[in-house]
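*Asks:* According to TrEMBL, the protein carries these features:
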| type | residues | note |
| --- | --- | --- |
| ACT_SITE | 96 | active site, proton donor/acceptor |
| ACT_SITE | 270 | active site, proton donor/acceptor |
| BINDING | 15, 75 | substrate binding site |
| BINDING | 134, 198, 203, 220, 239, 240, 267, 268, 269, 270, 298, 299, 300, 301 | NAD(+) binding site |
| DOMAIN | 4-137 | domain 'Alanine dehydrogenase/pyridine nucleotide transhydrogenase N-terminal' |
Ligand SMILES: NC(=O)c1ccc[n+]([C@@H]2O[C@H](COP(=O)([O-])OP(=O)(O)OC[C@H]3O[C@@H](n4cnc5c(N)ncnc54)[C@H](O)[C@@H]3O)[C@@H](O)[C@H]2O)c1
């Protein structure tokens, strides 16, 4: 198959859809890979490294789309890319169709086959191509939180791990899923006293078994949250209710229970945030202060560490990309239900129910197009 790797042009996107290691894997199966010049530059991969792995470098995004049967990307195509997409071209990338009606219509009109990372789903309902970014964001939440606890950043001026004779900081993690687990591990590793709250007793049992002794688990409810936020130095919001807006576990009036200089890192900001006063920020201007509480609410945290994020993402996407390249999308989806769940748009039709429902558009069963 002929594969194209365009340079991401969405604002602030520094990741790339395939690494030189991925090119080498594709070459093993005799696939032909074209990479747009400088596509990997912001992630730390040069054109020379891609060439060495067996790719051909193309000068423009137009050529890259024109030559490829399959495009592997990171972000959804933006408007200037719509017209570059050919009928029956396979696009393997994040789409998040339910948040953009124009994108949905554009992909239907172009006749593209859109396999969305975010809906590839395992039998246990986990989302293997979202997990790596949650892992990055969870670990980063503590790194950022520790920085903003410093006085010059308007934090309390407390060192996360303390020092001998001085107690460490208290970290509260709301939600013990992927983000919460990684955040708790990082905070515990730095020596903080960590509380994880979740509504799932089963999840709390598991966390209680695997976490080090400086992490305790507490059931998430209004009463317990009110008590815990008064003590916490750093609070990480990591709650997710699939398909719904995050619940406001900390409301505006609860900020007054917290001590000045407390830092809140609301990772769940992309789903509306679990702190009422959270609104999305950017890496250029990541924080703001309300009632002396430092809010960090960057909606695209992994974007700040593109080297790690690209490797983490492509580790997860490459095995699926190889199946698509080796078998073609129809056979690959017929033989792998995880991939089949990723199909959102094909032959000008919506084949993923949630997307059709989001825009009140017709939906057809995915099996009818395979
Ligand atoms: N800002 C970013 O850059 C970024 C990056 C990656 C992920 N995220 C977001 O982080 C959030 C968490 O993602 P995840 O992968 O960890 O999800 P997950 O599904 O693995 O975990 C969510 C957890 O929240 C728990 N939960 C639900 N309601 C709760 C409540 N009322 N109190 C406490 N816990 C509750 C669930 O039981 C679950 O364990 C999502 O909104 C995700 O989109 C943001």
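Using N, Cα and C of the backbone, Cβ positions are placed for all residues, glycine too.
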*Asks:* Under a threshold of 6 Å between Cβ and any atom of ligand 1, which of the recorded positions 15, 75, 96 are retained?
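*Replies:* Among the recorded positions listed, not one has its Cβ under 6 Å from ligand 1.
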*Asks:* Fewest neighbouring Cβ atoms within 10 Å: which of the recorded positions 75, 96?
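*Replies:* Among the recorded positions 75, 96, the sparsest Cβ neighbourhood within 10 Å belongs to 96.
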*Asks:* Filter the recorded positions 15, 75, 96, 270 down to those whose C-alpha lies within 10 angstroms of the C-alpha of residue 298 (NAD(+) binding site); answer none if the list is empty.
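*Replies:* Checking each Cα against residue 298 (NAD(+) binding site), the hits are 270.
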*Asks:* If you pair up every Cα among 134, 198, 203, 220, 239, 240, 267, 268, 269, 270, 298, 299, 300, 301, the residues annotated as binding NAD(+), what's the maximum separation in angstrom, rounded to an integer?
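*Replies:* Largest Cα to Cα distance for the NAD(+)-binding set is 26 Å.
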*Asks:* List the residues of the same chain that sit at least 6 positions away from residue 239 (NAD(+) binding site) in sequence and have their Cβ under 8 Å from its Cβ, in sequence order, or write 'none'.
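*Replies:* Non-local contacts for residue 239 (NAD(+) binding site): 174, 175, 246, 247, 249, 268, 274.
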*Asks:* When the number of other CB atoms within 10 A of each residue's CB is tallied over all shown chains, which of the binding-site residues 134, 300 has the maximum?
*Replies:* 134
*Asks:* Take the C-alpha atoms of residue 134 (NAD(+) binding site) and residue 96 (active site, proton donor/acceptor) and report the distance between them in angstrom, rounded.
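*Replies:* So the alpha carbons of residue 134 (NAD(+) binding site) and residue 96 (active site, proton donor/acceptor) sit roughly 16 Å from each other.
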*Asks:* Compared by Cα position, which of the recorded positions 203, 269, 270, 300 is the closest one to residue 15 (substrate binding site)?
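*Replies:* Checking each of 203, 269, 270, 300 against residue 15 (substrate binding site), the shortest Cα distance is to 300.
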*Asks:* In whole Å, how far does the CA atom of residue 269 (NAD(+) binding site) lie from that of residue 96 (active site, proton donor/acceptor)?
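*Replies:* The Cα atom of residue 269 (NAD(+) binding site) is 16 Å away from the Cα atom of residue 96 (active site, proton donor/acceptor).
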*Asks:* Roughly how many Å separate the Cα of residue 75 (substrate binding site) from that of residue 203 (NAD(+) binding site), to the nearest whole number?
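*Replies:* That comes out at 31 Å between the alpha carbons.
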*Asks:* Could you give the Cα-Cα distance between residue 203 (NAD(+) binding site) and residue 270 (active site, proton donor/acceptor), in whole Å?
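*Replies:* That comes out at 23 Å between the alpha carbons.
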*Asks:* Using DSSP, what is the helix/strand/coil residue split across the domain 'Alanine dehydrogenase/pyridine nucleotide transhydrogenase N-terminal' (4-137)?
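*Replies:* The domain 'Alanine dehydrogenase/pyridine nucleotide transhydrogenase N-terminal' (4-137) comes out at 53 helix, 21 strand, 60 coil.
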*Asks:* Neighbour count, 10 Å Cβ-Cβ cut-off, for residue 269 (NAD(+) binding site): what number do you get?
*Replies:* 23
*Asks:* My understanding is the cutoff is Cβ-Cβ under 8 Å with a sequence separation of 6 or more in the same chain; which residues meet that for residue 267 (NAD(+) binding site)?
*Replies:* 137, 138, 141, 179, 183, 236, 237, 238, 301
